[in-house]
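J.: Just dropping this structure here.
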Amino acid sequence: KMKAFQTICRQFRSSKGFSVEPTTRVDFSTSSYSCSRKKKVNPYEEVDQGRYSDLVQSVLSSRGLAQTPESLFEEDNLLYGPVSKCKPPKQDEAAKVPGNWCPLFNPEKSMKPNATSTPTIPLRIPLQRNTIPSVTKVLQQTMTSEQIFYLERWKQRMILELGEDGFAEYSSNIFLQGKRFHKALESILSPQGDLKERDENLESGYVESVQHILKDVSGVRALESAVQHETLKYVGLLDCVAEYQGKLCVIDWKTSEKPKPYIRNTFDNPLQVVAYVGAINNDANYSFQVQCGLIVVAYKDGSPAHPHFMDTELCSQYWAKWLLRLEEYTKKEKNQNIQKPD
């Protein structure tokens with residue numbers, strides 16, 4: 001074929017009016033189809049074959065293995081280098097530590113009360129109104145801006161739906177329902193409760209909601225009883241102190257129109273419970289010590305309540321948060337007193 005091609009070229013040269021100008025480069029091919037075309041440059045030829053030989057071979061090979069997530073990650077690693085993970089957002093250099101630190105548990109009190117010291121009648125210490133702040137007041141005065149925003153938005157939405165008077169009536173009804181629910185539980189859990197009143201309370205949707213919880217509650221030590229932390233100077237009125245599944249707990253009964261299956265759905269309730277735990281452990285009126293908490297969220301329609309158990313470790317975590325809120329409240333009060341005119 002090559003000889004025939006050369007013969008044709010000689011004939012063209014010998015013919016009149018035909019001349020061949022010298023060119024800097026002529027590409028020949030054995031294929032008549034590619035004679036007039038420039039050879040395509042393979043982009044992969046410019047790749048560093050030594051470094052990317054395995055990758056290039058896998059890409060160019062028509063018989064390559066099927067790609068897997070692992071092989072894709074390996075290829076990315078070869079092409080672009082190791083993955084550079086984003087740095088997590090900067091947090092506080094050091095976690096906030098309460099300046100008013102006080103232990104949650106009292107080493108001077110026994111972990112479990114003796115049988116002789118266990119009261120047969122639950123304690124009901126009345127709350128004395130004084131200048132010492134309550135747990136509820138501290139939490140209300142130290143809500144975060146986010147909490148205040150969502151609370152106000154909910155309030156405005158309810159007012160838009162019910163009107164000013166309707167919202168006031170709604171709030172009053174919610175308060176009364178909660179009060180009746182606590183009264184019913186007090187009657188059920190108290191050994192002095194009226195049997196007839198107990199039967200009437202069973203018709204309540206909230207009480208029906210907590211029936212499966214009440215089966216695990218025993219050894220009631222206190223009902224609607226006041227507590228005071230003698231060192232940190234705050235007071236509170238707890239719902240119940242009893243054993244839940246064999247562990248002594250501060251129990252807080254809550255009502256809700258919406259399901260709250262997780263403890264994070266209960267907002268500041270864990271702080272309230274742990275504040276009562278710390279107060280009991282530092283209140284001379286209580287001879288025993290509590291290490292756990294329980295938040296029970298009951299529902300009006302009678303659907304099973306959600307129990308949120310707080311073990312010793314979880315209580316300790318929330319205790320540190322409570323101390324920070326108490327410290328913040330104290331600072332606010334001092335600043336307000338300074339700003340007050342004489």
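For all residues, glycine too, the Cβ spot is worked out from N, Cα and C.
According to TrEMBL:
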ACT_SITE  Asp239  active site
ACT_SITE  Asp252  active site
ACT_SITE  Lys254  active site
DOMAIN    193-327  domain 'PD-(D/E)XK endonuclease-like'
J.: As a quick check of your reading of DSSP, tell me how many residues in the domain 'PD-(D/E)XK endonuclease-like' (193-327) are helical, how many are strand and how many are coil.
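T.: Result for the domain 'PD-(D/E)XK endonuclease-like' (193-327), in helix, strand, coil order: 48 helix, 47 strand, 40 coil.
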J.: For the C-alpha pair, I'd like the distance in angstrom between Lys254 (active site) and Asp239 (active site), rounded off.
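T.: Between the Cα atoms of Lys254 (active site) and Asp239 (active site), the distance comes to 10 Å.
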J.: To the nearest Å, how far is the Cα of Asp252 (active site) from the Cα of Asp239 (active site)?
T.: 6
J.: If you draw a 10 Å sphere on the Cβ of Asp252 (active site), how many other Cβ atoms land inside?
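T.: Result for Asp252 (active site): 21 other Cβ atoms within 10 Å.
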J.: Using Cβ-Cβ distances, find the residues under 8 Å from Asp239 (active site) that belong to the same chain and are at least 6 apart in sequence, listing them in sequence order.
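T.: In sequence order, His182, Leu185, Leu223, Glu224, Ile251, Asp252, Trp253 meet the Cβ cut-off.
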J.: In the predicted model, what is the mean pLDDT computed over the domain 'PD-(D/E)XK endonuclease-like' (193-327)?
T.: 92
J.: Looking only at Cβ atoms, how many others are within 10 Å of the one on Lys254 (active site)?
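T.: The answer is 19.
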